[in-house]
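Below is one structure; the comments refer to it alone.
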There are 2 protein chains.
Amino acid sequence: MEGKQERHQTKSIRCIVKLGGAAITCKNELEKINKESLDIVSSQLRQAMISGRSPPTTGPGMDWSKRHGESEVFCIEDDFGEDAFADSSRFVVVHGAGSFGHFQASKSGVHKGGLGQPLVKAGFVATRISVTSLNLEIVRALAREGIPSVGMSPFTCGWSTSERNIASADLSMVAKAIDSGFIPVLHGDAVLDELQGCSILSGDVIIRHLAAQLKPEYVVFLTDVLGVYDRPPVEPTAVLLQEIAVREDGSWDVVKPVLQNMTKVETTVAAHDTTGGMMTKITEAAMIARLGIDVYIVKAATSYSLRALNGELRGNIPDDWYGTVIRLVS
Amino acid sequence: MEGKQERHQTKSIRCIVKLGGAAITCKNELEKINKESLDIVSSQLRQAMISGRSPPTTGPGMDWSKRHGESEVFCIEDDFGEDAFADSSRFVVVHGAGSFGHFQASKSGVHKGGLGQPLVKAGFVATRISVTSLNLEIVRALAREGIPSVGMSPFTCGWSTSERNIASADLSMVAKAIDSGFIPVLHGDAVLDELQGCSILSGDVIIRHLAAQLKPEYVVFLTDVLGVYDRPPVEPTAVLLQEIAVREDGSWDVVKPVLQNMTKVETTVAAHDTTGGMMTKITEAAMIARLGIDVYIVKAATSYSLRALNGELRGNIPDDWYGTVIRLVS
């Protein structure tokens, strides 16, 4: 076991990516995948994973199944000459639920616990069926691009909560999968809760935990808007926050653009957040950034997301890039 | 942790069921589920799990998803008045792959290991996509019957092999799921192998390990033929072996019917098994039976399988029951 521990410490994770539920599913339609977006996201992930290597040709797909009558990828043995993902691909993917799972979870109150109630137990089962079916489709989409993806449900991995905070999260299988050259694909899930019986473990909490444990070089959140705004982005006067500086104590400031109405004092009002979850998002991202890990919040399936995934933003942020960068300043 | 350990010891598992790949999929058609058989199997499992309780009405389904345009089960909160599965349902389900996964695994040689080879790695990914998609459909079928099923992939649970034998198998999540009132649904899977990189962990090996650790009252193998025969069942002179007595040293005899050509000396010829896998099947079952656990091998979706699942065979075997019983004699 000591040998394995060592390996985890020497080989670092390059990137943890969150595929936001809103970016890969159709928000307002029950259990519908945004296939167009997911296909572009998968293709960009592939490009990012093999960046720096040549030749970046499209490799053979890894979904050899016959499901849904879709593009049946046949395995031609000669295609498997080299492993494009051998070295540079240490990514972890986490996705949200979007229009999968939320209906089942909220209808039954899984997040509030109480497995002794038949409705809650039924909701737990229904939620897991829904989110694991989304997970399977995302693993398929990545595999069609030749990404060696393996689905890993947090519930099955033994992750559990205690009043919704992570109580136990065994990362050993995630680490072993990465060390064996695979891309783990985790997701928001219904899990057991030590105090209330069951709970919902969100993709964002998973990301925060993985980032703290695996210390990736950077974290990318793929969303359905350009980044984080100072108010709900549907409002015409909403301003995109392009750069947020986080200090080691966790406090933060918007450094680009320069805003008049926003000071760091607002970091304390997350409980009364009326800005469309903006404060919550920044607070979550700031908790990662204070570990010294850059966080990029960017619109999925755009040229901006590809550049973020490639790691192009680690130095200066180009003027022609749009999104939100949240990083530590000393 | 000690408290939990205690709970596992006091509450016993009633039954481990193997859904044979041949019984729930169409063997000769890639990735096709035998829906008719699976639906009857699910219904019989439901009946067996709530047997001894009243009223055994059909409860509300637990698959609230919209997938495949199939029977959309709506959740009506009033339906969830009592939990029919509260006490008597301590079952574990394990299924084989049938026409799922085998093509992907054999085409790439996953069972022989060598994850450094791109073809093997791709085969590993493709195999897992295929077997987890079957797992999801089985979990769905059980949930539609109101069975609180949760899919648990051995790979994700951290099960691994060492030259195809189980090297590590963390049962804690399986035990926790059972203690929380769920029915874990495991499956044959592609897993990491300590020596050869990767391997295939078969459903039968999983069953043997689970039986040894969880000590169920009985184990049922659901197959596509009546039971174990003295030669391939397609041969017209094949005789159904109805009762096999196992001694504590693992040796065994067919005690019903009385056969002339079969003696216990044949237990040593498993390596040259030319009887359609019969010897292998008996040897596997005998390893479970010598722990004092009755094993029933029976045709799925028949009145015989329902009686086996119900536990009706634990005393005398009725004359009007057909199948193979393998049990310990002192």
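Backbone N, Cα and C atoms are what each Cβ position is placed from, and that goes for glycine too.
Cross-referencing A:Gly181, A:Gly197, A:Gly203 against the substrate binding annotation in TrEMBL, which names A:Ala97, A:His102, picks out A:Gly203. What surrounds the substrate site, by Cβ distance within 8 Å of the Cβ centroid and not counting A:Ala97, A:His102, A:Gly203, is the set A:Gly21, A:Gly96, A:Gly98, A:Phe100, A:Gly101, A:Val131, A:His187, A:Gly188, A:Ile200, A:Ser202 from the same chain. Comparing A:Asp224 (ATP binding site) with A:His102 (substrate binding site), their Cα atoms are 18 Å apart once rounded. Calculated from their C-alpha atoms, the gap between A:Lys281 (ATP binding site) and A:His102 (substrate binding site) amounts to 19 Å.
A separation of roughly 11 Å, to the nearest angstrom, links the Cα atoms of A:Gly203 (substrate binding site) and A:Gly98 (ATP binding site). A:Ala97 (substrate binding site) falls within neither a helix nor a strand when secondary structure is assigned with DSSP, and so counts as coil. Within 10 Å of the C-beta atom of A:Gly98 (ATP binding site) sit 26 other C-beta atoms, taking all shown protein chains into account. Here the binding residues for substrate are A:Ala97, A:His102, A:Gly203. Their largest Cα to Cα distance works out to 13 Å.
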